[in-house]
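Database features, via TrEMBL:
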type	residues	note
DOMAIN	1-332	domain 'IFT121/TULP4 N-terminal'
REPEAT	67-98	repeat 'WD'
DOMAIN	337-669	domain 'IFT121 second beta-propeller'
DOMAIN	700-789	domain 'IFT80/172/WDR35 TPR'
DOMAIN	1022-1121	domain 'IFT121-like TPR repeats'
DOMAIN	1139-1180	domain 'IFT121-like zinc finger'
Amino acid sequence: MFIYLSKKIAIPNSIPLKCVSWNKDQGFIACGGDDGLLRVLKLESQTDDARLKGLAAPSNLSMNQTLEGHSGAVQVVTWNEQYEKLTTSDQNGLIIVWMLYKGSWCEEMINNRNKSVVRSMSWNADGQKICIVYEDGAVIVGSVDGNRIWGKELKGNQLAHVAWSPDSRILLFGMANGEVHIYDNQGNFIMKMTIGCLASASGAISIAGIHWYAGTGGYVEPNCPCLAICFDNGKCQIMRYENDENPVCIDSSMNVVSIQWNHCGSVLAVAGSLRTANMEKEFNVVQFYTPFGEHLRTLKVSGKQMWGIAWEGGGLRIGLAVDSYIYFANIRPDYKWGYCCSTVVYAYTKPERQEHCVVFWDTKNNEKFVKYVKSLMSITTSGDFCILASKGDETLPQEDAELEAVCPAKYVLILCNSIGTPLDSKYIDIDPMFVTLTKTHVIAASKDVFYLWQYRVAKKLTALEINQVTKTKKEGRERFYHIDSNPSGASDGCTHPSKSFTPTRDPICSITATDKTLIVARESGSVLTYSLPNVSLIQKFSLNNRAFHLSLNCNSSRLAVIDISGVMTLLDLEARSITDDGSQVGAGDPSRFERKDVWDMKWANDNPDLFAMMEKTRMYVFRNLDPEEPIQTSGYICSFEDLEIKSVLLDEIMKDPERPNKDNLINFEIRSLRDSRALIEKVGIEDASQFIEDNPHPRLWRLLAEAALQKLDLKTAEEAFVHCKDYPGILFVKRLGNLQSEPMKQAEVAAYFGRFEEAERMYLDMDRRDLAINLRIKLGDWFKVLQLLKSGSGAGDDALLQQAYIGIGDYFSDRQKWVDALQYYLQGRHHEKLAECYYMLEDYGGLEKLTSDLPENNKLLPAIGQMFTNVGMCEQAVNAYLKCNQPKAAVDTCVHLNQWNRAVELARTHNMKEIKSLLSKYASHLLENNKTLEAVELYRKAHHFLDAAKLMFKIAEEGKKKSQPLKVKKLYVLAAQLVENFHEKVKTSQQSKVKGGKSEATYAIAGLLEEDATSSDNRIIDSAWRGAEAYHFFLLAQRQLYSGQTENAVRTALHLREYEDIIPAVEIYSLLALCSAASRAFGTCSKAFIKLESLESLSLEQRQLYEDLALEIFMKHPPRDNRVVREDSAEGWSEGKVPTCIVTGVPIREHQFWMCSVCKHCALEREISRYSYCPLCHSPAV
């Protein structure tokens, strides 16, 4: 930042001031002094020039009102910005609240305690409460409407200061003895604050000021110090919160009278007085610090005694109460900003976000791109690129993880383009306090070490090179150098900052670089010059002062230096020619040039002797050290090129950073450009040509060439184009010379200067519609081309019409207006674009019609097939692929869309063998991901029924473990159905293979033979329904038992004994024992218990339980069956088998019975008549 005194306002009658306060929202300044002095002032800018904004605009007092009401010296003034109120207090303890009424300030409330003097008053952040502290220890908290909320007497304490916390929950009371006490907002004592900065202090100490920044403008970085407490001896501590154990301590070595934060908490101003080294004289100063204790600037102010300091709301000015004057100082902040590729890059903070908001504002298109960067440190720009330096995060990129495992990187450099897209980044260990950028290198420096990174931009590399770049070792591309080393150009630097790098006694204070030179300045005033890209120390120079800003001209022959006090000098790096007084300037000699109060400068990109600089609120342009007349402005210089300076009013942009305005971007033409233009317009081309020869510059020659073309002075125009090396311009002049017609030349010149309407009118007046059409074609104005074509006729019009229709269609498609584009593509018969329009409009019917209209093997058909594939329209995609003779792509589409039936059909039709391998691969992939049912469906759709059945049997076996019999039965039924489908498929294939009048028996035998040949697991085929039967009867027995049909339940349970390989034997015989006991068939029940007691799968404890239960039952009931059950039982235990009714579970002894056509299971006709579906397989009961 840079600061300078700009204005002084005297108080009438030379009444000494005691305090000053600046309303940050409305801009009013209140100052109080002796004899009841209280004045309210307001400075406002008044100018008609739109370019004169901010500090450059003249400011006058729009208000200067004396407020009458105090009799004693006014000692405290404080503003309530939210409610536009002013609160003042004098030495008699009188408090007055003032309000703005009809443009002037008047009394609203008065209060006088008549006991003590008010020492401090503070409004909380939202303006709802005010805390007033008296010298005798009294504290009063009141509301904005004048009501008293609470009061308290802090006996034994003399109060001096008060401050609210940002959230209004805590009050800090500064005592007269230098202590700070912490209270809650209800007046309850919490603790005494630890004052670390006074650890070594002695003698009487008093508090000079307490200011707790409320965060209204955001924070510089997360967890930033914001509570400042300063003492009259110059000691100051800045804390993150009220009980911060590690505060930032500052020793300003001055007698402090007042402190205050700026509007965004980035700068702390400390005002007071400082004694000279010989202790003879004391002078007023204001010291400026960052929240982390770094000293920024010192402002000296004349006068005997400084009493107060106040910041303006935007942080661009401060007001100082000195004796009977108010001094104003302008501040040029060090914004985080840059300019690259017509883009202004700037950063600001928001109260609601911890990160910095970085805006990339494209000034050509007035578009902005926003990104958020945490702990942003600086923005550096050059050419087309931008470097964002910030503190590193805990998470690191993968490729840097191994490197940073030992010592995590603390900082990151991000290379971005002009829209904020990150192109590359580097994590480094050194603090990038100073960063500069060239076309090939990023140079960052801490106080001891500078780091060189040769960046490469991906857009210039092939994919192979990009891959190689990512694997490149740091050597060659990244080097670290200690400032005390003397590199010779070989590999002197290291690829990682060594722990042996010791702190230097002469730290780095500034750096700058061009493509071939690096300049490093040190605090002692020495300047080191290194060559690039091989870093080699070339020269050492010495300055009288510490450099703050360095800048090299375009050929690296001269260095501009702005020191810490704002004095700019020039240093010649090369020996220059003999000067006017006959002497020769050697390398390293400072020029006689010196300017004061300079805060910004920029060399011209195309002239080493031309530069612009900002001096207070004036811009000077120097050519060969001769200044032009100054321009009044407060803008920051973006670029200086082609005799034109582009400047941006960052102060105005920061007032509303979310909406940058082009009015805040100003272009200035230097004098030679203005004079040349004036000579051309008012005197003539010949005189202007002579002036430009004396002051040559490509921009001036181009200006002359354009003026000569306007007047058809082709000779002068050609000479001017030659001077500015404009080869296309020379060719244009040659072409004009070959034209005979003057109107034709004028039309060509009009088109050259962009006056296309005028040129077209001239062509049409000459009856050269073809030239007018060609002009519009070159411009891409197809609407005008179509209009011109329709207004006449001629050879080749049809082809041009088609081209115009396609051009207009392209215009609409570029803007996503597909409906309009479709109409013109139809007229232009552009099939490729038509397909894209149909696809974007989701008009798949139109796309299908286009497919049918296209001839076979058209090159567009594969693309249309892919479009249909993308939206899942399999059949249409297959038709498109088949029409262009790509059956392989059609099969791939079917596989991709899971249409395996169609895929198999296509594969067989076109004799493709890959389908089986694809099917197995996809099925194994599904099985690996535990998607067994999807694999079953896949095999089923592909008619691989046996494979599907195997998987389904596997699922059923796994389902038995979960004890869900009904679900297991369903799985077994599905598996058996798949086996039946397999039988049907084999039978159908045999019918298609066997020719002639063969009988069904022949088909059946052939099918069985094929099954034996193709199947590796006959057990599944032969007993497909066995699992379904087992669980069907298992469920049937339990239903019969619960419905009271106990005898039928016993018969069904007896039948279950055949399925011990499917259902666990313990479950079968437990069910049989239960059913027979319920049916009082204790003989069968006894046999079931005998079986249970002999099962080896049961443990001894479980067998014992069964024995105990059997003993208990059969001691009461003898083991005998009734007649019916005994007959069935005897029949069941025998080896003879009869069909079992699937409805009742009863053996079928009748000769006529019903049989299911699918599962081939039987049932009694009288029983099945009540069912519409087979109870086992659930197929229709016919």
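Placed from the backbone N, Cα and C atoms, the Cβ positions cover glycine too.
Because the structure is a prediction, the values reported are computed rather than measured.
Sequence-distant neighbours of the repeat 'WD' (67-98) (same chain, 6+ residues past either end, Cβ-Cβ under 8 Å): 18-26, 28, 30-40, 105-123, 126-127, 130, 132, 134, 144, 146. Same-chain residues lying 6+ beyond the ends of the domain 'IFT121-like zinc finger' (1139-1180) with a Cβ under 8 Å from its Cβ atoms: 973, 976-977, 980, 1025, 1028-1029, 1032-1033, 1036-1037, 1040, 1048-1049, 1051-1052, 1055, 1128, 1131. The DSSP breakdown of the repeat 'WD' (67-98), given as helix, strand and coil counts, is 0 helix, 18 strand, 14 coil. Model confidence over the repeat 'WD' (67-98) stands at 93, taken as the mean pLDDT rounded to a whole number. With DSSP classes pooled into helix, strand and coil, the tally for the domain 'IFT80/172/WDR35 TPR' (700-789) is 72 helix, 0 strand, 18 coil. When the domain 'IFT121-like TPR repeats' (1022-1121) is classified with DSSP, helix, strand and coil residues number 73 helix, 0 strand, 27 coil.
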